Amino acid sequence: MTQQAVLALLLTLAGILPGPLDAQDVHQSPRLTIASEGDSVNITCSTRGHLEGILMKKIWPQAYNVIYFEDRQEPTVDRTFSGRINFSGSQKNLTITISSLQLADTGDYTCEAVRKVSARGLFTTVVVKEKSSQEAYRSQEPLQTSFSFPAAIAVGFFFTGLLLGVVCSMLRKIQIKKLCASGIKESPCVVYEDMSYSNRKTPCIPNQYQ
């Protein structure tokens with residue numbers, strides 16, 4: 001287990017201890033979430049009673065405001081999370097989605113109900129893990145398979161055609177040899193038969209020198 005995960009678990013255990021009274025008015029979930037680089041996490045902040053808006057802060061390792069959300073108003077997002085924050089729901093039950101996670105996003109996040117007497121929940125610990133080489137290989141494996149399968153088919157057809165060509169060539173040579181052999185046997189018979197037939201039809205001419 002990484003040091004970040006151990007630290008996150010310790011912080012979560014510490015959060016189980018009784019918190020301040022104002023935490024009873026703001027409920028936040030989950031208490032711990034672990035994700036890989038590039039993934040997304042959801043943090044839900046719900047509260048009751050009158051409030052002006054919801055402020056989510058990062059309180060560890062560095063403290064600063066992440067977002068401020070108010071119904072019917074344009075939300076404010078810290079530039080560190082620009083383009084990576086989405087909202088769903090109302091300010092009394094708000095789900096905040098942080099996407100394209102980075103290692104620097106690891107930390108504790110707390111929701112605060114903004115009103116005359118502000119109240120905040122405990123916190124949500126977000127742990128962002130470095131993407132392992134195995135996960136990267138799995139993400140590339142379907143792409144490699146899609147390329148290798150057509151290639152295997154093409155190679156298979158190539159060798160099949162090559163084998164059929166060799167077989168046809170061998171059969172053709174055997175057939176030619178058989179035809180030649182049969183021609184050699186039959187041609188003398190035909191020639192001799194013709195010659196004997198012609199000899200029978202040709203009259204005898206006496207030799208004048210005898």
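Using N, Cα and C of the backbone, Cβ positions are placed for all residues, glycine too.
Close to Cys111 (disulfide bond) in the fold, though at least 6 residues off in sequence, lie Val26, Gln28, Ile43, Cys45, Thr47, Ile54, Leu55, Met56, Leu94, Arg120, Gly121, each with a CB less than 8 Å from its CB. The disulfide bond annotation in Swiss-Prot covers Cys45-Cys111, and the record cites sequence analysis as its basis.
Residues or ranges marked as domain 'Ig-like' in Swiss-Prot: 24-129. Across the range of the domain 'Ig-like' (24-129), the DSSP-based residue counts are 7 helix, 60 strand, 39 coil.
If you draw a 10 Å sphere around the CB of Asn42 (N-linked glycosylation site), it holds 15 other CB atoms from the protein chains shown. Among the features that Swiss-Prot reports, N-linked glycosylation site is placed at Asn42 (among others).
For Asn86 (N-linked glycosylation site), other Cβ atoms within 10 Å of its Cβ number 13. Here Swiss-Prot flags Asn86 (among others) as N-linked glycosylation site, drawing on sequence analysis.
Its Cβ placed at the centre, Asn93 (N-linked glycosylation site) has 14 other Cβ atoms within 10 Å. The annotation N-linked glycosylation site is assigned in Swiss-Prot to Asn93 (among others).
As annotated by Swiss-Prot, S-palmitoyl cysteine applies to Cys168, with the evidence given as similarity to another entry.
The signal peptide annotation in Swiss-Prot covers 1-23 and rests on sequence analysis.
The feature topological domain 'Extracellular' is assigned by Swiss-Prot to 24-150.
The topological domain 'Cytoplasmic' annotation in Swiss-Prot covers 172-210 and is backed by sequence analysis.
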Q) How big is the Cα-to-Cα gap, in Å, between Asn86 (N-linked glycosylation site) and Asn42 (N-linked glycosylation site)? A) 9
